[in-house]
Amino acid sequence: MAMSNGGIENHNGKVDTNHLVQRGIGNSASELTHLDPELADGNHHVENSNSDTPDIGPSRETVHHVGKDTWWEAGFHLIAAFDNSYVLGYPGLVMAYLGWIAGPICVGAFYVGSFYNNYLLATLHETGGKRHIRSRDLAGHILGPLMYKATWILQFLNLSIATVGSIILCGESLQGIWVAYSHNSAITLPIWVVISGGTYGLFAFFVPTLHSLRLHTAVSIFLSLIFICIAVGTSVNDGFRAAAPRDYSLLGTKADVSFRSIGSLATIAFAFNSNILPEMQAVVRQPAVRNMHKALVMQFTLGNFPIILVMMAAYWAYGNAVNPYLLNSTSGARPWVALANVTAFLQMIVSIHVYALPMYEFVDTFFGRNYGDKRDWSAHSTLIRFLTRGTFIAIATFFGALLPFFGDFVALTGALSVFPLNFGLVHLMYLKVNGKNFALYQVAWHWGMIGLAVILTVTTATASVRQIISDATNAHVFSNT
């Protein structure tokens, strides 16, 4: 097959225009509705289907692999996306901003709410009798072309921000290794960020799809256990050996405390939500809904327990003095701290890829050609992957080195992606699909959740932007902080 005139040319030389927006492309609502009648204004019939029928196909064409992984492999993908180096920042970015009372309450509330919202979202995967393998496909099928495009733009914008923050965090890990064994400060954080970006670029090139990542995510869980156990163990040891009482008060002016507390809510939301659940569910074998529910249970039990453990243990040990990158606070033996940083760096490389793959899937599908099972490593696919992923990672690395404030990026990502998409949009879609069968109190509940999502989006985004401006004002570009 070859690209021709914006469509896909078959072996007889004819152009099949039915695949234009099946590739996720469309410059206008008319293009979108022309190629997918379900998205026509006023004509998108919504029907809930949880039949888990084996022959249910994907919502649109993709060159990535659909329906090949078991539920526990999908669980590994989820855990790899969450139990990464960001865990080491949560004590300083959540507990230090909220304290012992509000902190556990907010963490518990978002933990339960996140599981509930993701469970609902997974239930909608086969709405209308097809597998909606992208967030925008699902939103467009249920709510029409405008929401299709809004979801697409918002999701990709924030996945890009998350990639920048992740590369910064990889740089923090490499810098931690260097500091443990060298007193030479000539190699600053921006340089480590560039090295991290280059390393991730190589990994992204050699791992084309989420399906091909399944072995890496299994290994990454083992890596997570290493640095999390070291972080918790050294924190607890430091806590018991501390000579002076820890200070658990909230630092700063009243305005600082207020804005940081609000911004920390977005960080908590980011800790428990991926914003790419449909893309992850796409790789699960049938029955897709039931299997994804199993994977979510795996994530919200085994996967999220270490996140909460690190938050509480490190805050107890260091109080409000805990560093935004926890391993910079611990006083453990240098080999152990270095090992924690090494494993955190390697695990984060895998985690970045999980988050970035929805964007890669779009580009790979847009430029892709069907070469059967060998298409991932055809000369065409290899060249496209090198050029597109290399360009994206280079840009993300530049911004990471320019403004290395990874904590601020965490909060902003949570504010702009999790609350509108994983909270508000999920309930809006669920109402559209099932609302006609709901009692009044059920409708009120879902609209209440939508309203809460709007409020949280506005307030937390404002607080996050304020913090980024504050940090950028008080630090130089390419700073070593």
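Using the three backbone atoms N, Cα and C, a Cβ is placed for every residue, glycine included.
These features come from TrEMBL:
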REGION    39-60  region 'Disordered'
DOMAIN    68-468  domain 'Amino acid transporter transmembrane'
TRANSMEM  94-116  transmembrane segment
TRANSMEM  156-181  transmembrane segment
TRANSMEM  187-207  transmembrane segment
TRANSMEM  219-237  transmembrane segment
TRANSMEM  257-276  transmembrane segment
TRANSMEM  296-318  transmembrane segment
TRANSMEM  338-363  transmembrane segment
TRANSMEM  383-403  transmembrane segment
TRANSMEM  409-431  transmembrane segment
TRANSMEM  443-465  transmembrane segment
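By the Cβ criterion (under 8 Å, sequence separation of 6 or more), the transmembrane segment (257-276) is in contact with the transmembrane segment (94-116), since 3+ such pairs are found. Beyond the transmembrane segment (443-465), the same-chain residues lying 6 or more positions past its ends with a Cβ under 8 Å from any Cβ of the stretch are 259-260, 262-263, 265-266, 269, 408, 411-412, 414-416, 419-420, 423-425, 427-428, 430-431, 435.
Same-chain neighbours of the transmembrane segment (383-403): 160, 163-165, 167-168, 171, 189-191, 193-194, 196-198, 200-201, 204-205, 208, 356, 359-360, 363-364, 367-368, 468, 471-472, 477-478, counting only residues six or more beyond its ends whose CB sits under 8 Å from a CB of the stretch.
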